[in-house]
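This report concerns only the one structure given below.
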Amino acid sequence: MSSFSYEPYYSTSYKRRYVETPRVHISSVRSGYSTARSAYSSYSAPVSSSLSVRRSYSSSSGSLMPSLESLDLSQVAAISNDLKSIRTQEKAQLQDLNDRFASFIERVHELEQQNKVLEAELLVLRQKHSEPSRFRALYEQEIRDLRLAAEDATNEKQALQGEREGLEETLRNLQARYEEEVLSREDAEGRLMEARKGADEAALARAELEKRIDSLMDEIAFLKKVHEEEIAELQAQIQYAQISVEMDVSSKPDLSAALKDIRAQYEKLAAKNMQNAEEWFKSRFTVLTESAAKNTDAVRAAKDEVSESRRLLKAKTLEIEACRGMNEALEKQLQELEDKQNADISAMQDTINKLENELRTTKSEMARYLKEYQDLLNVKMALDIEIAAYRKLLEGEETRLSFTSVGSLTTGYTQSSQVFGRSAYGGLQTSSYLMSARSFPSYYTSHVQEEQIEVEETIEAAKAEEAKDEPPSEGEAEEEEKEKEEAEAEAEAEAEAEAEEEEGAQEEEAAKEDAEEAKEEEGGEGEEAEETKEAEEEEKKDEGAGEEQATKKKD
């Protein structure tokens, strides 16, 4: 794995600033190695693993070179910080561009709509400007129609005048006929006087029939009253059933229309029957009065008719009873339907409550799973960092052992220069490898942190939805605040622990690299002092960057 394996993720300015710098530094180091002293001797003093011992040794002996790996580490930290800032800036720019693009699209749609409206208005205006040329033809056509109507009116007037003359002639004829009718009326009045005498004789027989008819009419009135009361009761029951259905059953089948239709049909039937009965009784009454003057056989016929009317009345009474039974059956059916719908509504309400409870349970489980997922991510990130640290330790130990074996075999200026060149080349490879190994955990750590932020946002959204669905009480609000504070404290502690682990790993790596370089380097005291100062400054920068990352995580 080379140090430039993540070049697709770096910008051009980043490559120019950070990636090309190690190449120049390594070439300068090689030139320094070429001008070093001719004799090569291995350093037999024990190597310390701390950074303070490295600094004291480099300042006292003056023969150690600056740590390439510490420079690479500072560069990787700066690269990770720049990458984070660049990614945040690019994300903000993309969001801004997306918002602007959406607003531009909306504006284009609005302008298209306005363009269509303006085109329609322009078409209407053009049609209006082209219409005056047709007005003249319309007016001329209307004038011709009016002239024809005037001619028709003149002809109609002449016809009406002729008709008037004919009506005047008819009036004169009717006046003559009226005079003749007056004479015939006088003759009829004489005959009427004679008929009145016969009418007086028939009045006695008529009185008896009238008494009988009065009794029958009283009976008819009584039956009519009973019938009207029963109809009123049926109407009241139907109206009460309709009102109760309209008030209580809003979402039930519309039976009110059916009840109204049934009520209207029976009202029409009852009115028709009453009208038919009245007309029939009136006609029979006139027939009886006329027949009473002639003979008593008509009285018997009247009795038969009365019995027939009674029979008809009984039949109508039976029909009313049947209607009443039908009404009761409909009311019973309506009540059963109401009970059934009430049961369905209660069952649906229970189902809704059950689904709401399941939704709350699912939301709480989802929040719990998200929290567990966040904890697992934190544990995974810590384990990955620890594994990377152990891997770096093992690689550094292997490199140190390989350099020790090579140093024991070198004797003389030629062999020392060859070994020195190989060690420099090996140091270059090791530095490039360690740089890639460091850049990968930093990139992975940033990726994991982004996933952690997304998980936290999802948890907060779920909690916000739960808070909207169920307003929390005071105790729950306090518990939530405590949980938030605890989560923030845990996040801060984890961030501090991660920063400390990273710093410890960096120090261990720097110490190992210093030990390896102490075995390989002897010359260049002034250059080493300057590079040591630069390494110290870069380490301070790394520490400041680690503190900034910790503060950002805390925020």
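Yeah, the Cβs are placed from backbone N, Cα and C, and that goes for glycine too.
Record check of SER11, SER49, SER67 in Swiss-Prot: the feature phosphoserine is attached to SER67. Here the Cβ of SER103 (phosphoserine) has 10 other Cβ atoms within 10 Å, regardless of which shown protein chain they belong to. Secondary structure at SER103 (phosphoserine), taken from DSSP and collapsed to helix, strand or coil, is helix. Per DSSP, the region 'Coil 1B' (139-234) is made up of 96 helix, 0 strand, 0 coil. In the predicted model, residues of the region 'Coil 1B' (139-234) average a pLDDT of 81.
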